[in-house]
Ligand code: HEM
């Protein structure tokens, strides 16, 4: 950095800071922090969509803080799990509060994750040079989903049990290796004490792996710097603002907004997020009338329901996430931001619509009237990535992009 | 610069789409039975603790012979406004299975504060054999689902009237109920007029007992609702204050950016 944008922030008084200097020489945390979180140049035109990364980090910390204390009172055995959750809710001091926050937090985590991912799709944040940011983000999404799924097993209620069962059945449908793989992953051909124990360890351990990958993800962002709504890279210093205080203040507003959502959910509408069926202890002999996963898995569950051949359903369901990994190479358009890609913008809107449609199918899969609408949505979902992304650039009229982030014109 | 307002509205459209799903589900599940104005629904909802206490009395008298509340201990009853002394008195009148004697016979003793509320059957087979093959539900969480579930419980309790003339149970021991799925239920109407005598003098009509026991069931399923709402409102006020502060800070910080 040639010129310091905020000189007053950078004056290290050369007097007594001997201890921090001693550390700094050996392990330059102070200068690194200053470079990456104070002076760090951010595009000056970021909107609210760029705040969700910070919101996700805060949510992750909330999950960790509440989760660790929940684990202190939780017992991971088929015999005791349900009763230990009841004990947390009824007798552990503030246990109900911890659990309420953990549950509301997990739901919001997925909300923010989907919003964060959508931001990337809309503004083309996966394009050169941000491919690794995108890939590490997707890895995070897979890990978060695994953690959320494992967490849902832990209370060992009816839905916990039968959700685990659906996944065992799905894995078992893989030709040749399916049964063995299901046994290996789940500890049996139906969910059991062993499954519960494994998923507790997975749930607990995965949280820390997620933190590690978040570090990789954020380092990647800091190396290539943030994209922005115009999708052009800033070239001059005037087009950027230092992270502190500008984006600290801006992210702060959105973080507090997220906390308001959290408080509303955890204190006033917890029933919105709970399935009362899961407050009946797991019973392997009694299949619930309506097996449904948490809302954030509904689209993937919907795909499973749409395809009569189990294995194909599994492929398409898992594939719907895997195809995202290829997006940086499927999208042939040199323009990043969808603000300058009218065709792609409509396509993306339809993609979101299809995704929601698949979710509705997952929720109401017993309604046969939805099946063809669902298959249409599924077809569009794949067509979007495999046809529209590679070929739409050819049909999009040449647009003049703005030349600078300061340029108010050129914007449609 | 892209107008922030445009983006925020975009975001809301997105969130709104997501809200659509629960809305559809609500519209689909709209129940066909009477809806009561429960005191515990809504964000300021609260339990009428005297009703919860009366409901517990109804439970003991009319339901406890078949239904357990197996995850609750006597001491937890404090949250319905009883003192430990009062609970102790109630507990002493209950007998709890505790171990075996030298010849292997079950031993019973009076319950204490730390005991779980007693279960009516020592195992599921026994429960099934005396209830037309059905196991009576545990009541710890039966009231989950707030108002809608409470209305349903009310409907079942009040739904024994007027069996159609041609009603014939599929199975010995089943009786007619207007609102139970399939209209046949293995539970006979558990409530009778003046079946309990309320200590506070409330007339014990069937509807009154049904309302009280329903309130009790909702309370067992949401044991912290009162505290949750009370703390929630304070937290909300605090966070709203912080929100205003952060907004002001953000405005100030960005005031020099064109
Ligand atoms: C645990 C989950 C995640 C955390 C904590 C996280 C955190 C962050 C943070 C702090 C940033 C920088 C601030 C911002 O641009 O919002 C960021 C940027 C980014 N993230 Fe994530 N992220 C997560 C998951 C994901 C996922 C699932 C994706 C999608 C594949 C993703 C893709 C991206 C991209 C493309 C950027 C750069 C955006 C740009 O500069 O325009 N992240 N992330």
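Each Cβ is built from the backbone N, Cα and C atoms, and glycine gets one as well.
Heads up, TrEMBL stuff is auto-annotated, nobody curated it.
Per TrEMBL, the feature domain 'Cytochrome b/b6 N-terminal region profile' maps to A:19-230. Taken from TrEMBL, the feature transmembrane segment covers A:48-75, A:96-117, A:132-154, A:166-187, A:199-224, A:244-269, A:307-330, A:342-364, A:370-389. According to TrEMBL, the heme b b562 binding site annotation covers A:102, A:203. Annotation comment: TrEMBL describes A:116, A:217 as heme b b566 binding site. The ubiquinone binding site annotation in TrEMBL covers A:222. Residues annotated as domain 'Cytochrome b/b6 C-terminal region profile' in TrEMBL: A:233-403.
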Could you tell me the C-alpha distance between residue A:116 (heme b b566 binding site) and residue A:102 (heme b b562 binding site) in angstrom, no decimals?
20
Select, from A:102, A:116, A:222, each of the binding-site residues with a Cβ positioned under 6 A from at least one atom of ligand 1; if none does, say none.
A:116
Would you kindly list the residues that approach the transmembrane segment (A:132-154) from elsewhere in its chain, counting only those six or more residues past its ends and only Cβ-Cβ distances under 8 Å?
74, 76, 81, 85, 106, 109-110, 113, 116-117, 120, 125-126, 160-161, 163-164, 167, 191, 195-196, 199-200, 202-203, 206-207, 209-210, 213-214, 216-217, 220-221, 224, 293-294, 296-297, 321, 324-325, 327-328
For residue A:203 (heme b b562 binding site), write down the residues of its own chain that are at least 6 apart in sequence and whose Cβ falls under 8 Å from its Cβ; none is a fine answer.
A:147, A:150, A:151, A:153, A:154
Chain residues outside the transmembrane segment (A:244-269) and at least six past its termini with a C-beta under 8 angstroms from it:
6, 9, 37-40, 42, 44, 46, 48, 50-52, 54-55, 58-59, 62, 97, 100-101, 103-105, 107-108, 112
Sparsest-packed among the binding-site residues, when each Cβ's other Cβ atoms within 10 Å are tallied, from A:102, A:116, A:217, A:222:
A:222
Compute the C-alpha separation of the residue listed as 'ubiquinone binding site' from residue A:102 (heme b b562 binding site), stating it in Å without decimals.
30
Provide, as an integer number of angstrom, the distance between the C-alpha atoms of residue A:217 (heme b b566 binding site) and residue A:102 (heme b b562 binding site).
24
Going by DSSP, is residue A:102 (heme b b562 binding site) part of a helix, a strand, or coil?
helix
Long-range neighbours of the transmembrane segment (A:370-389), counting only residues six or more past its ends (CB under 8 A):
302-303, 305-306, 316, 319-320, 323-324, 326-327, 330-332, 344, 347-348, 350-351, 353-355, 357-358, 360-361, 364
Quickly jot the same-chain residues contacting the transmembrane segment (A:96-117) by Cβ under 8 Å, restricted to those at least six beyond its ends, or write none.
49, 52-53, 55-56, 59-60, 62-63, 66-67, 69-70, 85, 88-90, 137, 141, 144, 148, 151, 258, 261-262, 265-267, 270, 273-274, 294-296, 324
